[in-house]
Amino acid sequence: APAQAQIVHAGQACVVKEDNISERVYTIREGDTLVLQCLITGHPRPQVRWTKTAGSASDKFQETSVFNETLRIERIARTQGGRYYCKAENGVGVPAIKSIRVDVQYLDEPVLTVHQTVSDVRGNFYQEKTVFLRCTVNSNPPARFIWKRGSDTLSHSQDNGVDIYEPLYTQGETKVLKLKNLRPQDYASYTCQVSVRNVCGIPDKAITFRLTNTTAPPALKLSVNETLVVNPGENVTVQCLLTGGDPPPQLQWSHGPGPLPLGALAQGGTLSIPSVHARDSGYYNCTATNNVGNPAKKTVNLLVRSMKNATFQITPDVIKESENIQLGQDLKLSCHVDAVPQEKVTYQWFKNGKPARMSKRLLVTRNDPELPAVTSSLELIDLHFSDYGTYLCVASFPGAPVPDLSIEVNISSETVPPTISVPKGRAVVTVREGSPAELQCEVRGKPRPPVLWSRVDKEAALLPSGLPLEETPDGKLRLERVSRDMSGTYRCQTARYNGFNVRPREAQVQLNVQFPPEVEPSSQDVRQALGRPVLLRCSLLHGSPQRIASAVWRFKGQLLAPPPVVPAAAEAPDHAELRLDAVTRDSSGSYECSVSNDVGSAACLFQVSAAKAYSPEFYFDTPNPTRSHKLSKNYSYVLQWTQREPDAVDPVLNYRLSVRQLNQHNALVKAIPVRRVEKGQLLEYILTDLRMPHSYEVRLTPYTTFGAGDMASRIVHYMEPINSPNLSDNTCHFEDEKICGYTQDLTDNFDWTRQNALTQNPKRSPNTGPPTDISGTPEGYYMFIETSRPRELGDRARLVSPLYNASAKFYCVSFFYHMYGKHIGSLNLLVRSRNKGALDTHAWSLSGNKGNVWQQAHVPINPSGPFQLFLRGFEGSGYLGDIAIDDVTLKKGECPRKQMDPNKAVVVMPGSGASRQPCPQLWGPVAIFLMALQR
């Protein structure tokens with residue numbers, strides 16, 4: 001049988017009243033425990049998987065699914081609300097998927113802010129002051145706002161000096177109280193009270209603000225300039241001074257990027273940083289808030305003087321597109337340091353130890369547009385032999401205790417641009433996984449620039465260090481403990497700094513990382529009947545080299561002779577095979593294939609069983625399997641199962657049954673002989689003399705001529721069976737929550753709702769459905785289906801009675817129905833006899849609007865054996881099609897003689913004094929299904 005599923009909820013649910021019409025909404029308070037259970041049927045027993053739309057069904061990091069019939073989330077958060085899906089599949093047919101929407105309810109503390117506008121009215125000499133009190137809260141469902149002045153509730157109608165409205169695009173999260181042209185009585189305490197109407201027991205919350213004629217937003221000033229430049233090691237103190245604000249604002253310091261430096265102390269408006277370092281540079285923000293107007297903010301840009309990374313560039317004559325230094329051509333030397341503040345750096349050039357003198361042929365420029373900002377360049381026009389020498393660039397902060405940085409550039413006839421190459425035999429580097437590796441490129445030229453390494457492979461753009469580019473002064477890229485994902489092509493190229501500013505020279509190195517093979521299957525259970533052949537195959541999935549160098553087979557640890565090699569497989573072997581011509585008891589056991597690729601080895605394990613049977617699969621959907629025997633205080637249980645793959649091995653001769661009471665050691669063992677077992681055949685055995693109310697562990701093992709197969713086990717729990725009705729107690733009024741043992745059918749789309757006039761949804765569709773049950777009292781319950789949204793075409797609801805024993809030839813089924821609304825469809829009664837097979841017989845039908853009254857139907861049935869009843873309803877053309885039932889009766893014998901046409905049924909008005917009886921009692925196997933199907 002294919003998988004079927006239905007979601008039910010338990011735990012700390014608090015369903016909102018207006019959502020009662022939908023059984024698929026689970027409302028819960030934030031912080032409570034969510035419990036959802038997926039009730040499943042199907043054989044073999046389906047596997048259950050919980051998922052969630054746009055999120056995780058698990059509260060554990062990176063787990064998106066939960067493989068369990070029960071989903072439990074402790075202390076649920078608002079972000080965990082949404083639609084949850086239960087997927088049940090057992091390999092038969094399509095998987096069953098059901099969903100339920102979880103609505104997490106919460107109410108945060110409200111936030112109240114005050115804003116004021118001041119506008120001059122032309123032609124008059126007065127000012128109009130308007131104040132806005134803005135109350136914002138996060139909640140679900142949307143909160144209801146109540147504004148109070150003192151203890152008096154404010155509204156438009158009671159005071160024309162106020163206006164209450166919801167701003168655009170706030171989605172119910174904000175309410176504004178507008179005080180127009182402030183009056184003396186407007187200076188008072190204002191309270192914003194928010195409420196979610198006690199849903200899920202969430203109490204109301206409130207916030208109060210006192211408005212006075214001195215209420216003002218915060219104002220600030222700083223004790224220092226907005227840009228503060230200091231030397232490293234100095235102590236820095238910055239004061240943020242309040243110049244206005246009522247109520248008194250709160251001050252807070254922050255740093256961007258990142259938190260405040262370690263050791264920094266913020267007390268009120270004073271920020272102290274002892275012994276600053278270069279890393280402490282950044283923006284420091286002082287913010288003042290008092291919920292009036294906008295927060296006041298002042299920012300200090302702290303710059304700690306520092307210099308690092310001195311570099312130079314040699315640029316040959318650009319106009320002549322030369323890459324070499326030549327006499328008679330121009331030459332430019334550039335010098336740059338990374339500094340804070342960058343613009344305060346000064347540069348000085350020296351030649352052969354003496355300051356370089358400016359002339360018509362020697363120019364010193366700053367901020368060359370072709371180079372990084374604040375770079376100093378020395379240009380030599382029409383290079384002469386006398387210009388050869390050593391040039392020194394010195395960068396400094398005048399008057400600051402920061403050490404100078406300098407860098408030398410030697411210009412001579414031997415100064416040539418670089419070349420790069422890979423040493424002989426180093427173009428391809430092969431190492432084993434986990435070992436170190438060194439990639440090398442050689443640079444020639446004077447001066448020799450640094451070498452920059454990068455990855456060529458687009459899918460692996462980053463180096464093992466996590467950087468896209470890595471500098472090496474000696475041209476060697478050193479890798480520690482290489483892994484297989486480091487394999488690929490690496491590029492080395494010359495840098496354009498600390499050398500010639502020309503087109504980079506580059507080369508490539510290939511890195512091959514060898515690793516042991518990965519094979520499949522890692523473990524496999526192989527079953528076969530006696531005398532039949534078996535082929536064992538061990539395949540190479542991954543490895544470097546990607547080939548099998550050797551394959552060794554072992555049986556029960558003993559080395560086997562190498563199998564014959566197939567010529568086609570010998571050229572590029574990617575698998576190893578072993579063929580057993582005929583499986584015997586002696587050849588059954590553990591086989592191991594060890595595969596090597598000269599780097600390492602991996603093994604495939606095969607467990608070969610001759611005629612060893614697979615495990616049985618218990619059938620969990622047996623209807624009412626428990627039979628109680630009150631006098632002896634014992635009960636019996638109908639155990640059912642099928643045999644998994646019975647044709648794969650020798651025939652099953654018998655089953656060994658072991659029954660053990662939980663928490664006991666002794667077990668009762670019994671053999672159950674069987675004839676030839678077919679695939680899908682439902683086998684059955686009745687467990688007797690089980691003691692109420694204990695549970696038992698049942699183990700079932702199939703036996704073939706080979707011996708014992710795989711064992712299956714399950715726990716049998718005692719459940720109080722539903723007793724059969726008797727003739728004097730045969731009507732169910734649905735007054736008890738257990739509804740006389742009726743259950744909702746697990747295969748329908750939605751459920752019947754038990755309700756009365758006091759619990760029915762006040763927002764339900766008008767002009768359809770009953771006002772009360774058949775008794776006419778508001779406390780009386782009935783079963784009801786709602787055809788409004790989210791119901792869709794083809795949805796159906798079915799109510800299932802207990803399974804009863806039938807001991808008479810004729811029966812009469814009576815029930816009251818209420819079919820009121822212009823979109824009523826039809827209600828049908830079917831009888832399903834369960835003798836040798838299932839046979840459905842149409843017994844009764846009623847269609848259309850029958851008025852706002854309860855009416856009774858009497859339907860005679862004559863089943864040929866054990867039977868079930870289906871009451872099935874079809875939805876009409878719209879939402880005014882609600883159907884209700886009440887007082888379902890099953891009696892032996894014939895119905896009243898004056899049986900009327902169903903469309904002219906006897907009217908029983910509310911309050912007619914219809915008798916109220918407990919749930920029915922009747923001997924014999926009978927099941928009643930009450931179904932309303934909408935289409």
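Just so you know, glycine gets a Cβ as well, placed from its N, Cα and C.
Note: TrEMBL annotation is automatic and uncurated.
Small disclaimer: the values here were computed from a predicted structure and weren't measured.
What TrEMBL lists as domain 'Ig-like' is 2-101 (among others).
TrEMBL lists 110-208 (among others) with the feature domain 'Ig-like'.
Residues or ranges marked as domain 'Ig-like' in TrEMBL: 218-301 (among others).
Per TrEMBL, the feature domain 'Ig-like' maps to 316-410 (among others). In the domain 'Ig-like' (316-410), helix, strand and coil residues by DSSP number 6 helix, 43 strand, 46 coil.
Taken from TrEMBL, the feature domain 'Ig-like' covers 418-510 (among others). Counting residues per DSSP class in helix, strand and coil order gives 6 helix, 44 strand, 43 coil for the domain 'Ig-like' (418-510).
Look at TrEMBL and you will find 517-609 (among others) tagged as domain 'Ig-like'.
Residues annotated as domain 'Fibronectin type-III' in TrEMBL: 622-722. Counting residues per DSSP class in helix, strand and coil order gives 3 helix, 53 strand, 45 coil for the domain 'Fibronectin type-III' (622-722).
For 730-897, the entry in TrEMBL reads domain 'MAM'. On the 0 to 100 pLDDT scale, the domain 'MAM' (730-897) averages 77 in this prediction.
What TrEMBL lists as compositional bias 'Polar residues' is 758-767.
According to TrEMBL, the feature region 'Disordered' maps to 758-777. DSSP states for the region 'Disordered' (758-777), grouped as helix (H, G, I), strand (E, B) and coil, give 0 helix, 0 strand, 20 coil.
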Quiz prompt | DSSP residue counts for the domain 'Ig-like' (218-301), split into helix, strand and coil | solution = 3 helix, 49 strand, 32 coil
Quiz item: For the domain 'Ig-like' (110-208), DSSP counts of helix, strand and coil?
Solution: 6 helix, 51 strand, 42 coil
Quiz item: So, by DSSP, how many helix, strand and coil residues make up the domain 'Ig-like' (517-609)?
Solution: 5 helix, 52 strand, 36 coil
